[in-house]
């Protein structure tokens, strides 16, 4: 119960701190406000000193051996991460704790942790300024316990896994959407894969070829006059202050000959079947004509059989009506 | 006499089963194509930049034209026979899909898929039903059941095919390939060998007073296009009223089933699965119902069986609002599938039974064009009811109520009609025994006895007192 309270309060604080600072960023001030007194004064990074930084705190009380926490970061922030571990019963007075980023140990983070009130505490401050600072941060208590913080920009939802198919000379629309509940990006960018690089698509210089529409948490890329060289991977990037969140989709441009092949195949099958059926009927009727004897007999039989049909029908339909 | 040497007829077997296969394919495409096309709608919507309701009109127009084209289709079938008409229908469908694949506006798609495609399907539907009535008599309910089973079978087959084609070739390429697939209706048409010589037909019709004769002149054909003399037939009118009520409530539950399941808390994938369950059940129930309707006990009472199926369907819908869990929803879907299949297996069999072989083509044309109206009005009205009341219960009550009423109406009216007809029949039978032409009497009597013995094998022995 205490863990959930801690979680809830820390999340609430995170929300509150972001809320307050959205206005300040748009006004371009350098004010830094503190949400809580627990944390020390935030360090401003050496690069870009004019960018205002917020502070946020995350405390996690580890109950088992592993825990994962997701932190969504939109603007540059100074993250204070604290891991609290009650120990595993051995009650050692000192253990070694350290931090890793994306699996790589942060050398300067090694520290001796004292047991205080039956709890081991590991706390560290991280400055999240740009894309390089995003990643998986983990605090480790010796080899025994670990808490992983996944620090990332908001992910794009609903990414289409199947390639988009379109035809030469046709135009195609590619859509990228950010979930309604997540914060809206500042802008959207579109990129095309060129070898191993991502090249940004400029819609202004290629107005006859590309058209980009940005609509809050939705963006569309229209590509006109498709050619086969337009096939490939396209990326849409949701631009946030801290990083650009990417989503990708694959475009496949084919010529009309592709569907034409199965079309011709099925057409051939239809023609062959119809021919076979009609031929079979012709052969069958010829055989029947020979075996039935003279033409007169055949007509007479047909007359009678048909009269039978009509009379039978008349009788049977009236008969059916009886209960 | 050669009449005795000849086997009873070419009816009820032999090439007839190939004709059933052809009808199965033809009817399958007719009913499942408007539904299966909805898989492409999202992609078309993206490419043509229009709203979902605009796109949904494609299916509605196709269905409307398919049903409204009934009378014209009947007239053509009466004039030319089934085979050329089904081949023409298949060609029209194929051409419509191929043309649609090059479309760049929604109106163009309405014209190609909706109007031309719908007309092709109208020709297919009518001609297929007609040829079954020409080839089958004793086993006609079974033949009808097997042919009507084409609808769920083809839906089961077209839906995943369409999805696969969409992933591989996008909607344009898919429509192109679908056009080729629909040309298989021409194969179905090739199977529909004409059962008799047209020359003989004319001769016999001149002598017969009971059947309505369709002559060669176009003028007469136009008059027969909407033969309003059908409305003088009590049985026809009752059938029509019952059917109108059925079609009003029939399709709305299908349209809203997934949405209702989702509103109960079922996840989307499982909700979509319900419709597949219904399709599979439907597939087996239709021939099964045909088999049951063929038995000696049911066959003479097939109209009552039909009304029972309708009431069963209506009761399913009435009980649906009581359902709150997914397993029960599956049970409901199974019963829905059973009753739906039963109704559709018998729907044209009953009309054939009422109208007889000669009047059936014109009758079915008239019935389909009138049924168009409730079929198109039903789902939007149900949707309106859902919007007004805020839940799906009222919609189910309405649909179930209307269908149950229709079924009960049909049942009571048919029972009354049977009693009246029994009295009329005993006086009419004495008239039939009189000779219609001195030259024909001997032959007619002999053939009468022969057919009686052949048919009575399967029908109610009580019916023999002609």
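Quick reminder: no glycine exception, Cβ is built from N, Cα and C everywhere.
The stretch that TrEMBL tags with transmembrane segment, taken from the ranges B:210-232, B:394-416, is B:394-416. When Cβ-Cβ distances below 8 Å are used as the criterion, the transmembrane segment (B:363-382) is approached by residues 60, 63-64, 66-75, 122, 125-126, 129-130, 225-227, 230, 236, 239-240, 243-245, 247-252, 255-256, 348, 351, 354-355, 395, 398-399 of the same chain, each at least six residues removed from its ends. Long-range neighbours of the transmembrane segment (B:305-324) within the same chain, counting only residues 6 or more positions beyond its ends whose Cβ lies under 8 Å from a Cβ of the stretch, are 242, 246, 249-250, 253, 260, 264, 289, 292-293, 298, 332, 335-336, 338-340, 342-343, 346-347, 349-350, 392-393, 396-397, 399-408, 410-411, 414. The stretches the transmembrane segment (B:330-351) and the transmembrane segment (B:55-77) do not meet in space: the count of Cβ pairs below 8 angstroms, excluding pairs fewer than 6 apart in sequence, stays at fewer than three. Long-range contacts of the transmembrane segment (B:141-161) within the same chain, counting only residues at least 6 positions beyond its ends with a Cβ under 8 Å from a Cβ of the stretch, are 16, 20, 23-33, 35-36, 39, 128-129, 132, 135, 181, 276, 279-280, 282-283, 286-291, 293-294, 299, 302, 341, 344-349, 352. Within its own chain, the transmembrane segment (B:55-77) is flanked in space by residues 30, 33-35, 37-38, 41, 44-45, 85, 106, 109-110, 113-115, 117-119, 121-123, 125-127, 130, 221-222, 224-226, 361-362, 364-369, 371-372, 375-376, which lie at least six positions past its ends and keep a Cβ under 8 Å from the stretch. Remote same-chain partners of the transmembrane segment (B:84-102), defined as residues 6 or more beyond its termini with a Cβ less than 8 Å from a stretch Cβ, comprise 22, 26, 29, 33, 73, 76-77, 108-109, 112-113, 116-117, 119-124, 126-128, 171-176, 178-180, 182-190, 192. Across B:12-31, B:108-129, B:173-192, B:394-416, stretch B:394-416 shows the highest tally of CB pairs under 8 A with the transmembrane segment (B:236-260).
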